[in-house]
Amino acid sequence: MKLSRRSFMKANAVAAAAAAAGLSVPGVARAVVGQQEAIKWDKAPCRFCGTGCGVLVGTQQGRVVACQGDPDAPVNRGLNCIKGYFLPKIMYGKDRLTQPMLRMKDGSYHKDGEFTPVSWEQAFDVMEEKFKTSLKEKGPEAIGMFGSGQWTIWEGYAAAKLFKAGFRSNNIDPNARHCMASAVVGFMRTFGMDEPMGCYDDIEQADAFVLWGSNMAEMHPILWSRITNRRLSDPNVKVAVLSTFQHRSFELADNGIVFTPQSDLVILNYIANYIIQNNAVNQDFFTKHVNLRKGATDIGYGLRPTHPLEKAAKNPGSDASEPMSFDEYKAFVAEYTLDKTAEMTGVPKDQLEQLAQLYADPNKRVISYWTMGFNQHTRGVWANNLVYNLHLLTGKISQPGCGPFSLTGQPSACGTAREVGTFSHRLPADMVVTNEKHRDICEKHWQIPAGTIPAKVGLHAVAQDRALKDGKLNVYWVMCNNNMQAGPNINEDRMPGWRDPRNFIIVSDPYPTVSALSADLILPTAMWVEKEGAYGNAERRTQFWRQQIKAPGEAKSDLWQLVQFSRRFKTEEVWPEALLAQKPELRGKTLYDVLFATPAVSKFPLSELKEDQLNDESRELGFYLQKGLFEEYAWFGRGHGHDLAPFDDYHNARGLRWPVVEGKETQWRYSEGNDPYVKAGEGYKFYGKPDGKAVIFALPFEPAAESPDNEYDLWLSTGRVLEHWHTGSMTRRVLELHRAFPEAVVFIHPLDAKARDLRRGDKVKVSSRRGEVISIVETRGRNRPPQGLVYMPFFDAAQLVNNLTLDATDPLSKETDFKKCAVKLAKV
């Protein structure tokens with residue numbers, strides 16, 4: 001086969017990415033231009049992380065047979081990470097589910113029965129009976145849903161609409177609660193609006209990069225390649241990496257900092273103190289655009305109210321704050337001296353000063369990146385607020401190459417979980433259920449009776465587990481996630497709750513995951529390009545793709561499942577008489593009629609599409625469902641700083657970053673000349689706040705919920721590895737990725753291993769106060785913990801690491817701290 005220069009470069013990019021992971025390259029990736037005449041190519045965003053890389057998908061005879069980086073995609077510019085190159089294989093695991101499976105005994109449903117194939121009609125019959133019984137006997141608070149940052153935009157929107165407007169239950173929450181909730185609350189507290197103000201274009205213009213609890217080399221490798229290129233192209237560019245253990249991102253670091261768990265709060269306040277003491281505050285920016293507030297402290301750990309830590313907290317769950325002066329703030333951070341910070345964090349003084357100087361230097365453009373190290377933290381919201389403080393003190397924000405940037409881990413944690421409003425407290429476009437005006441806006445736009453949407457915040461992820469255990473939540477639908485493996489403290493609440501005979505659990509999934517096998521009913525689900533979809537990535541880029549192949553067997557998209565199930569309920573069965581009296585014309589109609597077949601949603605005909613562009617749902621319903629849902633949803637944000645472009649624009653583009661006003665996307669929000677919502681002469685305007693000013697919060701160090709002691713003498717931190725994504729339900733079914741990292745290990749310092757008579761490769765029992773797992777000792781390799789800490793990835797279903805973790809959460813965001821609990825090791 002003769003290759004062009006461009007194809008040759010592409011093939012070598014694939015080989016380089018594979019070599020970095022120690023893998024062989026699949027033939028479909030290696031043969032970049034082979035048999036192009038027989039393969040149909042179309043664009044799609046990658047199925048994995050929140051970077052939002054663009055890929056070209058090659059289909060042939062109804063299957064995905066090839067994949068390559070999209071050279072026209074601005075995010076990745078033709079390059080994929082190793083997971084991206086193996087995308088063609090994620091849908092073809094030998095155990096792919098192709099028909100509904102119900103636990104049955106003697107021909108009918110039984111909690112302890114064996115999984116038995118049933119039709120969709122039978123599956124929905126059982127679901128309908130369980131939903132209607134719970135709604136009739138206990139009301140909307142007895143049903144719930146756990147969704148996903150992997151839902152497409154219209155799937156998340158349909159789910160939120162069905163539960164909040166249809167079933168009148170706010171007990172819907174996404175798995176983004178476990179990864180991005182602290183970022184959401186941090187953004188809302190400081191700026192009054194969610195999501196980053198900058199974009200990936202900052203990378204090529206920055207002078208310094210600071211990673212806070214983020215191993216971008218493995219978790220966001222395409223962005224890391226751009227940072228690496230920037231660092232190696234200019235000797236004046238600096239990289240600082242902060243973590244509780246060394247990892248691959250340290251290889252590029254000019255200043256690699258390992259700190260004691262939880263003490264990142266101390267470092268952040270020290271830097272603020274350094275900026276003030278060295279007269280590095282941007283006084284003009286600060287005076288015009290910033291307010292100061294002192295936050296409530298001693299706020300607890302999001303545990304059950306009966307837990308001793310919650311009983312001891314003075315202000316459990318409080319997000320209160322009060323105004324303070326600059327002198328008061330200066331005095332507050334003055335306590336975080338260099339000596340005190342070095343002592344509390346274990347970080348050498350020269351490294352701390354070097355880090356602080358990056359932020360304080362007025363001539364250095366600095367980007368702060370963070371992911372789970374900040375967010376999965378019992379003070380994760382505070383950590384987010386404190387890093388914003390540094391950028392607001394110095395004015396290094398909302399300009400090219402400058403700004404704080406929260407990275408996401410799922411492909412649409414931003415576009416779906418956050419923007420659509422699938423959290424238990426949120427509605428579309430940053431609106432919330434507790435705000436009467438916001439509820440009224442939604443009810444009028446959806447043309448449903450006033451008062452339909454409950455004002456009470458629903459159950460968040462961990463609260464759902466507890467309610468299942470307590471028998472208060474009785475019907476639970478889990479979609480597009482594997483929470484039985486991914487969620488914290490499996491044995492305490494979740495597993496007992498799922499297997500409680502009072503409860504009925506539905507899991508929609510393509511594979512028999514730990515969650516699916518723990519359920520009562522499994523619904524087979526279409527994946528990725530087996531459906532038409534849309535994701536929103538970490539830089540506010542909304543990206544669309546067409547359905548390119550059909551799902552196997554009877555597998556159906558999450559959207560199909562939600563919409564078709566809504567047909568089973570008439571308004572009289574879910575709404576009280578007082579609501580129906582407001583709109584008697586809705587009597588006798590199904591939730592499908594009221595929510596999904598409305599004139600607003602169903603007005604786009606199939607004639608807008610070519611035959612080969614039709615998707616299964618629209619073909620079945622007779623109208624362009626996805627376009628109708630998107631346009632209805634997009635209305636909420638237009639004119640309010642969340643503007644999305646018209647639907648058709650996205651199919652013709654490689655994504656657009658909102659707000660999109662008059663056809664132009666926005667790279668940098670809140671700054672004049674970049675953001676259409678900032679008028680000439682305003683300079684900066686943080687328009688999420690009534691006065692247009694961002695907030696600096698004074699927040700102290702507070703200890704972790706659980707720390708090592710004489711018995712459980714090691715910190716445990718959990719996370720991911722390059723080759724696998726989350727629980728491995730897709731990547732472990734790709735033979736090459738599985739071979740590259742076949743089982744989880746315990747990364748441990750050699751001296752800690754020696755003290756316990758452990759050697760590399762030994763089997764070891766890892767125990768916490770909540771459970772235990774058997775794993776393998778690893779004293780070398782990519783992750784190098786300090787003494788006193790071990791690190792374990794959670795992708796391995798044979799090693800349920802979350803048997804060990806504590807379900808302590810940030811009291812403000814309700815996000816779990818997966819990075820800090822106490823364990824002990826014993827040789828097996």
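Here the Cβ of each residue, glycine as well, is placed from N, Cα and C on the backbone.
The annotation signal peptide is assigned in Swiss-Prot to 1-31. Feature annotation from Swiss-Prot assigns domain '4Fe-4S Mo/W bis-MGD-type' to 39-95; the stated evidence is sequence analysis. Annotation comment: Swiss-Prot describes C46, C49, C53, C81 as [4Fe-4S] cluster binding site. Taken from Swiss-Prot, the feature Mo-bis(molybdopterin guanine dinucleotide) binding site covers K83, Q150, N175, C179, 212-219, 243-247, 262-264, M372, Q376, N482, 508-509, K531, D558, 718-727, N802, K819. Marked as substrate binding site by Swiss-Prot on the basis of sequence analysis: F794.
Of all the binding-site residues in the list G213, E218, M372, H726, F794, the shortest Cα-Cα distance to C81 ([4Fe-4S] cluster binding site) is found for E218. Residue density at C49 ([4Fe-4S] cluster binding site): 27 other Cβ atoms are found within 10 A of its Cβ, drawing on all protein chains shown. Across the structure, C53 ([4Fe-4S] cluster binding site) and K83 (Mo-bis(molybdopterin guanine dinucleotide) binding site) place their CA atoms 11 angstrom apart.
Q246 (Mo-bis(molybdopterin guanine dinucleotide) binding site) falls within a strand segment according to DSSP.
Same-chain neighbours of the [4Fe-4S] cluster site beyond C46, C49, C53, C81, judged by a C-beta within 8 angstroms of the site's C-beta center, are, in sequence order, F48, T51, G52, N76, N80, K83, G84, P221, I222. Its own atom aside, the Cβ of K83 (Mo-bis(molybdopterin guanine dinucleotide) binding site) has 24 Cβ atoms within 10 angstroms in the protein chains shown. In this structure, the C-alpha atom of K531 (Mo-bis(molybdopterin guanine dinucleotide) binding site) lies 14 angstrom from that of C46 ([4Fe-4S] cluster binding site). Put simply, C49 ([4Fe-4S] cluster binding site) is 10 Å from K83 (Mo-bis(molybdopterin guanine dinucleotide) binding site) when counted between their Cα atoms. Its own atom aside, the Cβ of M372 (Mo-bis(molybdopterin guanine dinucleotide) binding site) has 26 Cβ atoms within 10 angstroms in the protein chains shown. Mean predicted confidence for the domain '4Fe-4S Mo/W bis-MGD-type' (39-95): the pLDDT average there is 96. Classification of K83 (Mo-bis(molybdopterin guanine dinucleotide) binding site) by DSSP places it within a helix. Cα-Cα distances to the residue listed as 'substrate binding site' place none of the binding-site residues C46, C49, G213, E218, M372 within 10 Å.
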